[in-house]
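A.B. asks: Once you've had a glance at the structure underneath, I'll fire off some questions.
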């Protein structure tokens, strides 16, 4: 499969526009075209050990959940391990693609996989995603009516205002007079100039409507999940379920104020990876994530919310096996997809 065709299919699977604004997703390293991909290699973290494994397994593209290039590189030398990853990738004609928070947001992504560890439940995103391309341009729509005497002059001036677009005109009858209804989209900044222009003519201004263009929410898509269990379960039962789902011998637990291991859990808020900012302020019996700051754990506990921490990538890595099977179907079994055997969380209990 051609690399660009594959990247397009991966973007269709999870649009990079769903990723958080601070993230660095998509194709990060591209060998000179044309580049055919026969083997897609999945990993949670692209370390040097994992890159060596990808080379040995003759991977043509590495899909690394976490972006190995996050802060900008000023040079590509052999000095630092992230620079060496880029060198090794290009020397061996291996592309690197990272989805990260785009995979957190999608309904068939990391957070929904993590929620399966709770048992039977229904879930909704804590922070729903909005449709990325609706409306295509502008934050506001301005509509006004003008007669033939004013129309051309007003339109000419408005079109000179930056960040205005989508002009449409329709015939209209206002108070028995033939006029033209004008509709346009504009940014917040341009709105001030458009209104100022129209206000110079009180007749136009009084016939003006301003609409806020709100992007629709995408169902089942967004950051974090609030899960309602079909049947309440004790915290101790939930701990065992999570350990089994993530295949971990240990997790870290903080009991909420007034709670015990036998306290029932009906609602659990979760976020794969580092969940403090996503979970903060959510009413639930339990927070489940990879890591939280000490003070955020104290806040949760003080509010009677228990916390389960599993280490950052342990809440993500198990998704790769499910992803392999899902992508195989999405890509119509056109390429070989393998999961890294060397990828692991850097922390362990000693």
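Including glycine, each Cβ sits where the backbone N, Cα and C put it.
Per TrEMBL, divalent metal cation binding site is recorded for 66, 104, 312, 316.
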A.B. asks: Given the binding-site residues 104, 316, which one's Cβ is surrounded by the fewest other Cβ atoms within 10 Å?
C.D. replies: 316
A.B. asks: When you tally the Cβ atoms that lie within 10 Å of each candidate's Cβ, which of the binding-site residues (66, 312) has the highest tally?
C.D. replies: 312
A.B. asks: List the residues in the vicinity of the divalent metal cation site, defined as same-chain residues other than 66, 104, 312, 316 with C-beta within 8 angstroms of the site's C-beta centre.
C.D. replies: 44, 65, 100, 110, 272, 273, 274, 290, 313, 315
